[in-house]
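Here's what Swiss-Prot has on this protein:
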{"type": "REGION", "residues": "81-183", "note": "region 'Cyclin-like 1'"}
{"type": "REGION", "residues": "196-280", "note": "region 'Cyclin-like 2'"}
{"type": "REGION", "residues": "309-520", "note": "region 'Disordered'"}
{"type": "MOD_RES", "residues": "S330", "note": "phosphoserine"}
{"type": "MOD_RES", "residues": "S337", "note": "phosphoserine"}
{"type": "MOD_RES", "residues": "S347", "note": "phosphoserine"}
{"type": "MOD_RES", "residues": "S350", "note": "phosphoserine"}
{"type": "MOD_RES", "residues": "S368", "note": "phosphoserine"}
{"type": "REGION", "residues": "384-422", "note": "region 'RS'"}
{"type": "COMPBIAS", "residues": "407-429", "note": "compositional bias 'Low complexity'"}
{"type": "COMPBIAS", "residues": "454-471", "note": "compositional bias 'Basic residues'"}
Amino acid sequence: MAAAAAGASGLMAPALAACSSGSGGAAPGSQGVLIGDRLYSGVLITLENCLLPDDKLRFTPSMSSGLDIDTETGLRVVGCELIQAAGILLRLPQVAMATGQVLFQRFFYTKSFVKHSMEHVSMACVHLASKIEEAPRRIRDVINVFHRLRHLREKKKPVPLVLDQEYVNLKNQIIKAERRVLKELGFCVHVKHPHKIIVMYLQVLECERNQHLVQTAWNYMNDSLRTDVFVRFQPESIACACIYLAARTLEIPLPNRPHWFLLFGATEEEIQEICFKILQLYTRKKVDLTHLESEVEKRKHAIEEAKARAKGLLPPGSAPGLDSATAGFSPAPKPESPKEGKGSKSSPLSVKNAKRKMEGPKKAKGDSPVNGLLKGQESRSQSRSREQSYSRSPSRSASPKRRKSDSGSTSGGSKSQSRSRSRSDSPPRQVHRGAPYKGSEVRGSRKSKDCKHLTQKPHKSRSRSSSRSRSRSRERTDSSGKYKKKSHYYRDQRRERSRSYERTGHRYERDHPGHSRHRR
């Protein structure tokens, strides 16, 4: 194919080039390349195909979305004013601001104001134009400037922009809008500005020394950026119209036989049309951006309702009135929300919470302190004493000190009594010290029974008191009997070990009589 870049669909007039037999991979005799529903035989990059045809001007995408011509024109004017004001605050050259406004006008002749945010596209055009004209600005600075302009337009005190998730989302939307602008314009973003052309034409007319005339023509040219003249006429015709209007305003005579603009290829009809469009700006009333945005929102909701009705989601007569302020442009309310329906069923979590509330007072009663100690603490002390008694190994009992204490006892019965006392449940400490030990022992036995029933873990006790043997059942007595047998078994083992230890001790004393003195 002839060139390497594609023009925007619908924006540029089709400029077709003949297909060569070997270039671009096209087969000989082929009619072109079908892209979408259009047939292209080539692409021609030229500034002449950046002008809109008449059919695009008469029926724009915004008009097809339901916006009237006045609202669309107001949005175009406000968007270009925002770009100009932001360029001044960003200290961009005038050429960059002009490029941004032209790109803005071109884009919204291919896309609708209803489907694309005017403010986001304005930011994207400023950011893109600054890079095109070799004066790049950071996207953060662009966002901050537009944020300040919005506050000033709404007559609010400017507040610094917060760097939160909303800022990140806005930044991503602007980047996407910039890509969309490039795609819709076919990456043909070059703009030929009439700034230099005005100075060159005034030099030909020998009026370049009249600074007032030059500045006035320049001002008219900057104001024409808010209109659609840059997508309808050549830059040479726009430059001639700005000079013509400035000379008529300042009452400076210019050659008219023949007319001077004919020398530069402009016609009288084009000059009059451009002057009429520029002067219309000064007779327009100041538009309110909030009113324009509300109109756009109305159209958005109307389109969404039409789509929902086409899909059968909304009945034909259930659409709310768009003019009612109280409706808020939301679809018809449902008789019962899904949250209310879910709330009627009891969830497992709510049942669990109710059980906890019921068990709360029972737990509090069970944890009431007895004799200054909680039941849990009492059971812990009992378990500790039992663990200590159980952990006494035969080796420990067979130590010399233990042997000495055992030999000091009078009878085996007294030995068993001392052992049973040491291994029985230790009574809890009394808060009232004057209480007798016997009553506290009875209370301790009762507490230990309660704890055993609560925890459902029966502990085998080695105490041989008559009160416990009466209260226990047959099964427990059997188990205690078994345990007693076991205890006798361990006791016999300890005795045998102690005897063997005594024998070895006597043997040791015979061999080494000096050491026996120290042991005694």
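Quick reminder: no glycine exception, Cβ is built from N, Cα and C everywhere.
Residue counts of the region 'Cyclin-like 2' (196-280) by helix, strand and coil are 62 helix, 2 strand, 21 coil (DSSP-based).
Averaged over the region 'RS' (384-422), the predicted model has a pLDDT of 45. Each residue of the region 'Cyclin-like 1' (81-183) gets a DSSP state, and the totals for helix, strand and coil are 72 helix, 0 strand, 31 coil.
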